[in-house]
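S.K.: My questions will all concern the structure given below.
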Amino acid sequence: MREWIERDKSAIWHPFTPLMGMVDPLMIERAEGVNLYTADGKKIIDAISSWWVNIHGHSHPKIANAIAEQAHQLEHVIFAGFTHQPAVELAERLLSILPDNQSKIFYSDNGSTAVEVGIKMAFQYFYNQGIKKKKIIAIDGAYHGDTFGAMSVGERGPFTEPFDPYLFDVAFVDFPSKEKEEAVWNQFEALVSAGDVAAFVFEPIVQGASGMRVYSKALLNRMIALAQANDVICIADEVMTGFGRLGTLFAADQLQNKPDIFCLSKGLTGGVLPMGVTSCTDKIQAAYRSNDLMKTFFHGHSFTGNPMICAAANASLDILLTEECEENRKRINRRHLAFGEQIEKHHLVRNSRVMGTIIAFEINTDKDTSYFNEARHHLYPYFIEKGLLIRPLGNVIYLIPPYIISDEDLDYIYQTILSFLDEYDSLAAVSAD
Ligand SMILES: *Cc1c(COP(=O)(O)O)cnc(C)c1O
């Protein structure tokens, strides 16, 4: 196994991983349900759905079989001028579960490209009508992906700094935390009434990468209403929130006002194969329905609409739409709520919040910042040591498990978090002496 790690280190550049001082990656040999198994036989419970994508558990036989069958029949075909049953079925099924105002599906490769397509669709919607609108509004702290358009509409920070000169201008409103709701509304109103706003991009209800931050549905509803009244295209990035993550199939199911464009990925294929989807309303397509060839949406990827990936997504939808899956999401939500109440009382914990199948809380860093910065470095290895994959965002610990996770596994995870807090508590007491 050592040899494989060395070969990895000499050949592979891993995502979000420094080349120097890199911790040895874990070799995973197989995975089943919520469990990952390392090459040396250790079991690790995947409490974060492998980067928030896996909703039905690993190596799901139904999805695996669907991919295998499709691979033997039609593995890939160019998607311009050609089509196939799995793609048509998937598009129809997605439209049947998305809000009623959605009427067309555009396929791409991942979450970032789903957002790129959404932004390009919105810009060209105006271009095709000869309307000059240039501005785009986003929310502070947003994460929409790592390609240039997606980076442009996301939070600017250390990760984007080398590229900042190349990112297009975006008007950011503050993150609408409780105290800031009215201020954010005023910022938004001022921007929209200035007139040349083409689009408003947002992660509905929960911002994922900025630390599972929740904001007001009522405010988002008002923002969408104002935007739409001013012909500003509302782009909902449901890459993380889609496919049941917040309980409902989509976050927008919890909003009265429905966005114009949806960006989907992560859970779309059950987290098994990469795929992006951008859906839009009839109003948006109408600007492209023209005999003028120049009004075509000239965008596509080599693997757009790949049949095996569509088959995986169809199989994942079969599972997602069962009563059992809905029950599981409700069960996780109930368990999270109870744990949230329990953990909130711990003096090292603040702002615990539950959104559907996600629970997040902050380790209280007020007491001794340097110590708890240190603690963050210990946190990930501590949980791995206990057979748990948890990957904190700064001082935010969160769980975003596959929906099939058992009560026993949830209990073990909750218990391990409590032990972690208690151990750090006693360590902190020692270091204060
Ligand atoms: C993960 C994520 C993306 C990017 O998706 P990739 O598939 O990693 O490119 C975009 N938006 C949100 C909200 C995400 O959580």
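Glycine residues also receive a Cβ, built from the backbone N, Cα and C atoms like all the rest.
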S.K.: Check TrEMBL: it lists Trp51, Tyr143, Gly300, Arg391 as binding substrate. Then name which of Lys120, Lys266, Lys330 it lists for that same site.
M.R.: Lys266
S.K.: Given TrEMBL annotates Gly111, Ser112, His301, Ser302 as pyridoxal 5'-phosphate-binding, which of Asp169, Asp174, Asp237 belongs to that site as well?
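M.R.: Candidate listed by TrEMBL for the same site: Asp237.
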S.K.: Using Cα coordinates, what distance in whole Å links Gly300 (substrate binding site) and Ser112 (pyridoxal 5'-phosphate binding site)?
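M.R.: For Gly300 (substrate binding site) versus Ser112 (pyridoxal 5'-phosphate binding site), the Cα atoms are 14 Å apart.
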S.K.: Can you tell me which of the binding-site residues Trp51, Tyr143, Lys266, Arg391 is spatially closest to Gly111 (pyridoxal 5'-phosphate binding site)? Compare CA atoms only.
M.R.: Lys266
S.K.: Among Trp51, Tyr143, Lys266, Gly300, Arg391, recorded substrate binders, what is the largest CA to CA distance in Å?
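M.R.: Result: 33 Å between the two most distant Cα atoms.
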S.K.: The record lists Gly111, Ser112, Asp237, His301, Ser302 as binding pyridoxal 5'-phosphate. What's the largest Cα to Cα distance among them, in Å, rounded to a whole number?
M.R.: 23
S.K.: Running a distance check here. Ligand 1 versus the binding-site residues Trp51, Gly111, Ser112, Asp237, Ser302, Arg391: which have CB less than 6 Å from one of its atoms?
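M.R.: What lies within reach of ligand 1, judged by Cβ under 6 Å, is Gly111, Ser112, Asp237.
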S.K.: List nothing but the one residue from Ser112, Ser302 whose Cβ has the fewest other Cβ atoms within 10 Å; the candidates are the binding-site residues.
M.R.: Ser302
